[in-house]
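Undergrad: First the structure, which I've put down as structure tokens, then a few questions once you've had a look.
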Amino acid sequence: MGIQGGSVLFGLLLVLAVFCHSGNSLQCYSCPYPTTQCTMTTNCTSNLDSCLIAKAGSRVYYRCWKFEDCTFSRVSNQLSENELKYYCCKKNLCNFNEALKNGGTTLSKKTVLLLVIPFLVAAWSLHP
């Protein structure tokens with residue numbers, strides 16, 4: 001591999017490192033009991049990599065959550081709620097009450113890696 005190929009590979013690895021850098025812990029709104037407006041914040045532990053807001057009737061839950069477990073069955077089971085609307089996100093204090101209006105979930109780091117890896121392979125194979 002020539003110098004140019006090494007530079008391209010180094011640049012791509014640097015981009016991956018930026019995507020995967022964990023930095024400081026995620027900060028979420030987190031209240032021990034359902035409430036309509038949670039103002040308490042917490043720094044999530046490393047295994048809880050997203051913030052959750054879930055609404056079941058008039059009860060609104062705010063927690064740190066494992067993004068991998070952000071599915072209806074896991075959320076409803078953990079909160080003991082049969083019907084709810086939920087939202088998981090990966091930015092500081094993103095689980096505020098208005099977040100439920102946006103709906104859906106954000107991309108996980110694994111998904112980003114799965115999208116980036118084919119580009120790395122293609123860049124590597126294109127270099128003579």
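Cβ coordinates are placed from backbone N, Cα and C, and glycine is handled just like the others.
Keep in mind that what you see is a predicted model, and the values were worked out from it rather than measured.
The signal peptide feature in Swiss-Prot is assigned to 1-25. The domain 'UPAR/Ly6' annotation in Swiss-Prot covers 26-108. Swiss-Prot lists CYS28-CYS51, CYS31-CYS38, CYS44-CYS64, CYS70-CYS88, CYS89-CYS94 with the feature disulfide bond, giving similarity to another entry as the kind of evidence. For ASN43, the entry in Swiss-Prot reads N-linked glycosylation site, with the evidence type sequence analysis. Taken from Swiss-Prot, the feature GPI-anchor amidated asparagine covers ASN102, and the record attributes it to similarity to another entry.
Could you place these features in context, so I can see how deep they sit and what lies close by?
TA: Listed in sequence order, THR41, THR42, CYS44, CYS51, LEU52, TYR62, ARG63, CYS64, ASN92, LEU93, CYS94, ASN95 are the same-chain residues six or more apart from CYS28 (disulfide bond) with CB atoms under 8 A from its CB.
DSSP assigns CYS31 (disulfide bond) to coil, not to a helix or a strand. Residues near CYS31 (disulfide bond) in space but far in sequence (CB under 8 A, at least 6 apart, same chain), listed by position: CYS38, MET40, TYR61, TYR62.
Around ASN43 (N-linked glycosylation site), a 10 Å sphere centred on its CB holds 13 further CB atoms from the protein chains shown.
According to DSSP, CYS88 (disulfide bond) sits within a strand segment.
All protein chains considered, the CB of CYS89 (disulfide bond) has 23 other CB atoms within 10 Å.
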Undergrad: Inside 10 Å of the Cβ of CYS88 (disulfide bond), count up the other Cβ atoms and send me the figure.
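TA: A count of 26.
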